[in-house]
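Engineer: Input: one structure, supplied below.
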Amino acid sequence: MGSSQLSTLLFFTIVVTFLTVVSSGRDLPGDYLRLPSETSRFFREPKNDDDFEGTRWAILLAGSNGYWNYRHQSDVCHAYQLLRKGGSKEENIIVFMYDDIASNEENPRPGVIINKPDGDDVYAGVPKDYTGAEVHADNFYAALLGNKSALTGGSGKVVDSGPNDHIFVYYTDHGGPGVLGMPVGPYLYASDLNEVLKKKHASGTYKSLVFYLEACESGSIFEGLLPDDLNIYATTASNAEESSWGYYCPGDKPPPPPEYSTCLGDLYSIAWMEDSEVHNLQTESLQQQYKLVKNRTISEPYGSHVMEYGDIGLSKNDLYQYLGTNPANDNNSFVDETENSLKLRTPSAAVNQRDADLIHFWEKFRKAPEGSSQKNEAEKQVLEAMSHRKHIDNSVKLIGQLLFGIEKGTELLDVVRPAGSPLVDNWDCLKTMVKTFETHCGSLSQYGMKHMRSFANICNAGIPNEPMAEASAQACASIPANPWSSLQGGFSA
């Protein structure tokens, strides 16, 4: 069998596999989650605007680029519109997004971004504070700390908060154990983020801070790292060991409009925003939203466990303190079980964050005319992505076997520490191991983040960098020639 025949066979094997993934779980019972109607149980009487003290600040960050990651920038744009309708001022909302989606040649509605199938444009009016190469971890830290002198490029907008102010941070992208993606430069590491949060607290420049985090293994960003005495409350889309999920994807119920070939949003993000859009947020607490989002986000055989960290006592605060509230929802303080009942759609389908790019490439292939350059390009994209995945998985597995032996290698790389423990003891070691691997094996990319636990366990086992470098060089005799494996964008650490 020739190489072209093998490629074609591999491609259609991939297609069949992922069609099975996409179509699984479509007909689960219970399409809707009906919210309780007991006012006293879930909601309180609204407070007067005059009771609010301080200023609301927000940072909204989409940590990816590429049209296949449409959903992350869509999430951020939606969050911006939600905050503006809630009364937050543009000058107090700082937006980080690569801004390569709205005008992308693949976007079927040029200049428009939507976050749900029948949704309005959420892109119009969104400020471009930090875009393109300006979207990196150091600028995010500088903006959060209010350190204008540390910024590179961008609008110069920072969180210039005072001791009575309330800060809302929302991040959405790919992640892995202990790490969050960034489109430019090194990834954001949990240790660095938590040190920045401690520094912000030490500056005395906020009263409370809420962090909503959408990413795979996002619980690992705060697990064992975020103290409970910083006046910070965080919720995450998943625990420290599992994926988060794309939503409103091709094949979902409901699907995106037929002209779209990508996921429009993410399940956790859609859940908290769609809840916020229909309630008077003066009468709903962070804890109540956490429970509602948690219930919506977990569903077998997919879904994830939404988690909470930090100062759990802050969760009694009203959402209004951080998101404001839309005056149109003033009367939406509770749910009537009959005529006025609110139905939050539970997921009848969702897509693993790490597979959403493959869904996009398959949709491109499926829709492209036979024999067209578009069809050939889509096939190439799938094969390159799968080649990269196979290379990364096999390389990490072989490195584990070289370091720990054939029988114990995989087992030791996959060890999960007890709940409440951070991913790794020495974060500098983790960064060194990542850079060593990428030097010999090419970029981890958004997919390879899943192996961060393996590198952390190599550090936890006390393996020095020299044998790691030798094992990496032996495991990676060659690197696939494709964009995913390229180090053109720099190292991940």
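Any Cβ shown, glycine's included, is placed from N, Cα and C.
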Engineer: Quick test of reading the record: Swiss-Prot lists a disulfide for CYS476. Which of CYS441, CYS459 is on the other end?
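Structural biologist: Answer per the record: CYS441.
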Engineer: Please report the DSSP secondary structure of CYS249 (disulfide bond), reduced to three states.
Structural biologist: coil
Engineer: When you rank ASN147, CYS216, CYS429, CYS441, CYS476 by Cα distance to CYS263 (disulfide bond), which of the recorded positions ends up on top as the closest?
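Structural biologist: When the Cα distances are compared, CYS216 comes out closest.
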Engineer: Please tell me which one of the recorded positions listed here (CYS216, CYS249, ASN295, ASN331, CYS459) sits closest to CYS441 (disulfide bond), measuring Cα to Cα?
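Structural biologist: Result for CYS441 (disulfide bond): the nearest of the recorded positions is CYS459.
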Engineer: Taking the Cα of HIS174 (active site) as the centre, which of the recorded positions listed as ASN147, CYS216, CYS249, ASN331, CYS429, CYS476 lie within 10 Å of it?
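Structural biologist: Of ASN147, CYS216, CYS249, ASN331, CYS429, CYS476, within range: CYS216.
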